[in-house]
Amino acid sequence: MANALDPHAAIATVATGETDGTLRTADGKPLARALARSQTRARRRAFLLVLPLLAFIMLTFVVPIGQMLQRSFYNDGFSAHMPQLSQWFADHPRGTDPDDAAWAALAADLSAAAEARTIGIVGTRINYDVPGTRSLFTSTGRKARGGIEPPYREALLEMNDDWASPRLWSAMREASTPLTTNFYLASLDRTRNDAGEIVQVQERQRVYVMLFMRTFWLSLLITALTFILGFPIAHLLATLPMRRSNLLMILVLLPFWTSLLVRTTSWMVLLQQQGVINDILVWLGLIGNGQRLQMIYNQTGTIIAMTHILLPFMILPLYSVMRTINPSYVRAARSLGATSWTAFRRVYFPQTLPGLGAGALLVFILAVGYYITPALVGGSSGQLISNMIAMHMTDTLNWSMAAALASLLLAAVLILYWLYDRLVGIDNLKLG
């Protein structure tokens, strides 16, 4: 009787389920199932909280990168507006000379494209491979708007004898399929000859490989310089009392409060031949007035300006790691007979590697994609591959070429990240 009146005994009876031994809730439902449903609802609520962030990342990061990758190997500017000639190329193997059917297809497609006002799109696509041909298509399109009478070959050659060029027909064959590797080949200073073989472009046109090599070399050099300059500064900030350290940290963070364009412009004022630095060197008598140094519009200006701009990205990760290093480790090494250099090299420096790896990765990745600073202070010898990407986006409007260059740059950065993970371990990277 006492057990029947005991509330704790009643709760235990309901919880354990005396009939089958299954734990149940107060309303008789299995406890495991109820907990699973509760956890599922909690996960759904948590997902709804991050859903706006995921949508933002998809719209502003994943989708643009996907479109960039697609544009680098897909271009239907010719095949979509020249269907008959594209079909003729598909039906005839490479090396086949254009016959009457090919000339008829070309004439029909030119007339149709002129009527639809898409002849400029067609000419622009071929102009990527054979410079100067856009005017050929547009001028022929104006004449072909009313139709071209047979014989088509003679009629087209009468309009412009460039239509007989084997290089032009080879370029149209390559453009007749929307999927192409030509933009990647051009990014590596390669092209296809009339026989379809991959060959190097002419020596005066080999610019992209050189720009890639210059970009990676300067990025590596700038990373090394930021380490050489940033490590002592970070060590000083980490060892000073907090009050003084915070005051000096303001100087490190000050560039973040200033526009990048303003910082770059200030270096233009400092580095020019009639600038402040040359004036000081002349005043000190280190150089003559007629021997002023050329420190801008070349690689020197790019290196100096980018090192200054990217220096905080090396200092901050190093500082965050150095603040966590216990100074007693170095004191213990000194007490055991190690010199200051040995204690630093074997005890202190290895503990800073996570911050060094994070800083080096940040600086290098930012450097390979920098645009505004090399454009303003780099001149012709200080330009990076990012400037060529911008040129194709804004000047030549060859977005497929820009996408191919950017995709190769992205692939190089991903390979670097993979190597870092294999050699150092991404778990050892520390940003703060």
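Placement of Cβ uses the backbone N, Cα and C atoms for every residue, glycine included.
Heads up, TrEMBL stuff is auto-annotated, nobody curated it.
Features as listed in TrEMBL:
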TRANSMEM  46-66  transmembrane segment
DOMAIN    212-420  domain 'ABC transmembrane type-1'
TRANSMEM  216-238  transmembrane segment
TRANSMEM  245-262  transmembrane segment
TRANSMEM  303-321  transmembrane segment
TRANSMEM  355-377  transmembrane segment
TRANSMEM  397-420  transmembrane segment
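The stretch from 216-238, 245-262, 355-377 with the most CB pairs below 8 A to the transmembrane segment (303-321) is 216-238.
The stretch with the most CB contacts under 8 Å to the transmembrane segment (245-262), chosen from 216-238, 355-377, 397-420, is 216-238.
Sequence-distant contacts of the transmembrane segment (355-377), counting only residues of its own chain at least 6 positions beyond either end whose CB sits under 8 Å from a CB of the stretch, comprise 215-216, 218-220, 222-223, 226-227, 230-231, 234, 260-261, 264-265, 267-268, 271, 296-297, 301-302, 305-306, 309-310, 313-322, 383-387, 389-390, 409, 412-413, 416-417, 420, 424, 428-431.
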